[in-house]
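Written below as structure tokens is the structure these notes are about.
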């Protein structure tokens, strides 16, 4: 097959029999088309007849492959994407989860759509990530990245915290609330949406600041240019049990008086879709919007 891809990496949902079956089928399908296939190590433990030299760490997969195929739900895609965004690698997903905003391909009969993608007939989007840093006494203590959102919150349910928010060092607001969601357009259909945040289409260079149960009736979500730097300064009156969650996967500890800096990361995720992909069609299907009236 004449393809822009040569080496394809497979990443799967751990301990999921249906995902494992799809991966096995996918592996056989790609080998039959003549591609070099490598498999993420944890994923490979679920499959049979995978040569040991084709089992690699996720970072090595990002370095060696031209295309990564993630089999699972959006959570699996997020975990892989935070690592793969560091590399010049295209990523596509086969949905073995629930909603599947980021995983386009249907596990039943994915072959036809995937073969079109492999022949070069696809739509590519570049999704930016957030870089999250925690500073204590002006010293960087921890950092990570997020594809969907960074969430400042207490580690207790229904526990109020106090903080100030700055945009490019301009004071914006102080708040007593359960926390704050800082979302990318990719994450605007995830936790942010559940918190009352706006849907941001993927091409927008914007981030949304969504308060979580604020102790005021005037607090509303705020959308700002993604090239701005968001800084959250924690009040000294807070308890010690605070944290910043990145995509609900990585947790950074935060203490009273710390500052959390959130900004657009330099690297972007190369997310690809079948040629007939429509973002609005995905919204309509996943969110059960009404069909056309005429």
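The count begins at 1 with the first shown residue.
Using the three backbone atoms N, Cα and C, a Cβ is placed for every residue, glycine included.
As given in Swiss-Prot:
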ACT_SITE  74  active site, proton acceptor
BINDING   74, 75, 148, 149, 159, 176, 178, 189, 190, 191, 192, 193, 194  NAD(+) binding site
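Recorded features from Swiss-Prot, shown on the structure.
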residue: 74; record: active site, proton acceptor; Cβ neighbours (10 Å): 24
residue: 148; record: NAD(+) binding site; Cβ neighbours (10 Å): 31
residue: 159; record: NAD(+) binding site; Cβ neighbours (10 Å): 14
residue: 178; record: NAD(+) binding site; Cβ neighbours (10 Å): 20
residue: 190; record: NAD(+) binding site; Cβ neighbours (10 Å): 24
residue: 192; record: NAD(+) binding site; Cβ neighbours (10 Å): 26
residue: 194; record: NAD(+) binding site; Cβ neighbours (10 Å): 10
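Mapped onto three states, the DSSP output places residue 148 (NAD(+) binding site) in coil.
Largest CA to CA distance in the NAD(+) binding set (74, 75, 148, 149, 159, 176, 178, 189, 190, 191, 192, 193, 194): 31 Å, whole number. Residue 74 (active site, proton acceptor) and residue 178 (NAD(+) binding site) are 25 Å apart (CA-CA, integer value). Residue 192 (NAD(+) binding site) sits 15 Å from the residue listed as 'active site, proton acceptor', taking the Cα positions as reference. DSSP classifies residue 194 (NAD(+) binding site) as helix under the three-state reduction.
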